[in-house]
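A.B. asks: After the structure tokens below, expect a handful of questions from me.
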């Protein structure tokens with residue numbers, strides 16, 4: 001016989017054994033019940049037969065799409081890649097049971113390939129499988145309601161209009177429907193009116209503005225039956241910050257650098273160099289961003305139009321700069337300034353542009369800059385004079401001091417020309433007078449030439465100023481006109 005101490009030890013061990021293994025037995029009983037239920041439901045079940053009591057009755061399938069990720073939008077190939085969860089809900093009368101008979105089991109998770117499923121496919125699929133794989137399990141309730149939510153990655157066809165790239169909006173649709181069953185056999189009903197976006201991960205390039213669903217009953221040319229489909233329209237907008245910072249703003253800077261060419265003085269000799277440098281920088285920039293812009297020949301994107309506009313802008317600036325430099329370096333020996341050029345570019349336009357001559361000088365023929373009284377010497381040794389230069393008087397006072405001293409008062413009232421012609425003087429004095437006359441004529445010719453050259457330079461400056469304002473206006477209004485198109489286009493569509 002066991003002692004009281006031994007009986008207590010045996011009783012404690014029995015309690016510990018019951019506490020440890022009782023849940024295990026309950027689990028085994030539960031597993032056996034679930035296995036018995038599964039065997040009862042699928043022992044004579046045929047997954048290829050529609051779950052209807054009458055063959056004329058349709059299977060009502062409730063359908064909903066939940067998007068988790070907008071993976072990619074390929075503008076070139078016109079493909080939208082999405083990560084979706086497709087929720088199917090229908091009733092199968094052959095998969096019902098009484099929970100009281102199976103230890104209160106109300107739900108059962110069964111492999112999807114064991115049950116009948118509606119063959120819902122994506123009609124406008126571009127790449128990959130049209131139908132989702134049945135590797136996931138379905139949730140089966142005791143009243144026969146089945147909920148099947150398989151995940152799928154679809155690459156759907158989407159006609160895209162990139163006219164306003166990178167400020168474009170796209171409208172891509174996903175069309176789901178039964179591939180073999182018509183409306184008389186499967187009636188699709190949409191759950192809600194929009195795509196479920198509770199688990200959506202934001203995309204760094206695209207924003208989903210709206211995602212609405214619609215049900216359509218369509219009769220195709222191939223068949224007499226009516227087929228039901230559910231179409232979800234995704235209205236997406238491109239986020240333009242990346243393209244604005246890396247594409248548009250550099251182009252704007254290049255355009256305004258082109259405007260500065262016309263503010264650069266022509267005498268510095270670097271106007272064409274600056275134009276060529278801007279053109280080369282734009283060319284290199286275009287080569288870098290070629291991979292960024294969608295390559296399509298259907299339409300010209302907005303950013304492509306702007307790059308083309310900038311290229312034409314820079315090219316025209318080179319042409320205008322060459323023309324301005326040609327005007328700037330003209331001389332009286334090569335070109336004669338027409339009267340209309342003087343009127344327009346020396347009088348009219350400077351007043352309009354609020355320009356004035358850098359030096360306050362009198363406009364004339366240049367004769368005021370030459371000492372009067374000096375002309376070409378006659379052939380007989382007499383001097384022809386048009387004035388009374390003071391240095392000639394001093395010369396005659398030096399060499400004919402005796403004669404002029406006695407008649408100083410009389411000569412002061414007589415013309416210098418008469419004095420020179422009726423006075424006798426030495427050959428040295430004639431050489432000095434001829435030299436002074438030659439220097440004066442050269443000064444006069446140089447001043448006249450310099451004045452004409454200054455006129456041409458001023459005309460070039462006026463032309464530069466005109467094109468400076470023209471290019472500023474074209475640059476501002478051209479840029480505004482191009483980038484206001486998306487706003488006006490979207491307003492018109494709305």
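A Cβ is built for glycine as well, from the same backbone N, Cα and C atoms used for every other residue.
Look at Swiss-Prot and you will find 1-25 tagged as signal peptide. Sequence annotations record features per position, and here Swiss-Prot assigns topological domain 'Extracellular' to 26-239. The annotation N-linked glycosylation site is assigned in Swiss-Prot to 54, 171. The annotation disulfide bond is assigned in Swiss-Prot to 158-172, 222-223. Feature annotation from Swiss-Prot assigns transmembrane segment to 240-264, 272-290, 306-327, 466-484; the stated evidence is sequence analysis. Feature annotation from Swiss-Prot assigns topological domain 'Cytoplasmic' to 328-465. What Swiss-Prot records for 401 is phosphoserine.
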A.B. asks: Using C-alpha atoms only, work out the spacing between residue 223 (disulfide bond) and residue 172 (disulfide bond) and round it to an integer in Å.
C.D. replies: 27
A.B. asks: For the transmembrane segment (466-484), could you work out the same-chain residues 6 or more beyond its ends whose Cβ comes under 8 Å from its Cβ atoms?
C.D. replies: 167, 248, 252, 255-256, 258-259, 262-263, 302, 305-306, 309, 313, 317, 320, 324, 349, 353
A.B. asks: So what's the average pLDDT for the topological domain 'Cytoplasmic' (328-465)?
C.D. replies: 65
A.B. asks: Do you know offhand how many angstrom separate residue 171 (N-linked glycosylation site) and residue 54 (N-linked glycosylation site) by C-alpha?
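C.D. replies: For residue 171 (N-linked glycosylation site) versus residue 54 (N-linked glycosylation site), the Cα atoms are 41 Å apart.
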A.B. asks: Minimum Cβ neighbour count within 10 Å among the glycosylation sites 54, 171: which residue?
C.D. replies: 54
A.B. asks: Given the disulfide-bonded residues 158, 172, 222, which one's Cα is the least distant from that of residue 54 (N-linked glycosylation site)?
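C.D. replies: In terms of Cα distance, residue 54 (N-linked glycosylation site) lies closest to 222.
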A.B. asks: Under DSSP, is residue 223 (disulfide bond) helix, strand or coil?
C.D. replies: coil
A.B. asks: Least buried of the disulfide-bonded residues 158, 172, 222, going by other Cβ atoms within 10 Å?
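C.D. replies: So among 158, 172, 222, the disulfide-bonded residues given, the one with the fewest Cβ atoms within 10 Å is 222.
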